[in-house]
């Protein structure tokens, strides 16, 4: 392991964190704060990108090193978020919005896994 790769992972993380903030702000502006659509969006998009990344590595279109670390750990690690997803659901529970909470859990899990599967299989060799 080199310090250069750590720097690239950190750079990917910085870009991912900024992207997450921008997506969240855009979603609040467009849809309001009634449902955590920003968290859902970054989780689904990030899962799709992860599927594409792994397919690119599997097809040998990208070298696993450093791309899995820079994009997978750095960028996507900062873009997607389980802690915010968890807190969004705690807040929905506290508001008594159990239907919204259930929808949020189901949508995040189903859409994120589906997006990862689609991204991966979209680029895999037949």
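Cβ from N, Cα, C; glycine included.
Taken from Swiss-Prot, the feature transmembrane segment applies to 3-23 (among others).
Feature annotation from Swiss-Prot assigns transmembrane segment to 37-57 (among others); the stated evidence is sequence analysis.
Per Swiss-Prot, the feature transmembrane segment maps to 70-90 (among others). Same-chain residues lying 6 or more positions outside the transmembrane segment (70-90) and placing a CB less than 8 Å from one of its CB atoms are 5, 8-17, 19-20, 36, 39, 42-43, 45-47, 49-50, 53-54, 101, 104-105, 108.
If you look up Swiss-Prot, you'll see 77, 80 marked as Na(+) binding site, on the strength of sequence analysis. DSSP assigns residue 80 (Na(+) binding site) to coil in the three-state reduction, placing it in neither a helix nor a strand.
Per Swiss-Prot, transmembrane segment is recorded for 104-124 (among others), and the stated evidence type is sequence analysis.
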Tertiary neighbours of residue 77 (Na(+) binding site) (same chain, Cβ under 8 Å, six or more apart): 12, 13, 16
Same-chain residues at least 6 beyond the ends of the transmembrane segment (104-124) whose Cβ lies under 8 Å from its Cβ atoms: 35-36, 39-40, 43-56, 58-59, 61, 85, 88-89, 92
Distal contacts, the transmembrane segment (3-23) - CB-CB under 8 A, six or more residues away: 38, 41-42, 45, 65-66, 69-71, 73-81
Spatial neighbours of the transmembrane segment (37-57) far in sequence, C-beta under 8 Å, 6+ residues away: 19-20, 23-28, 31, 63-64, 67-68, 71-72, 76, 79-81, 84-85, 88, 104, 107-108, 111-113, 115-124
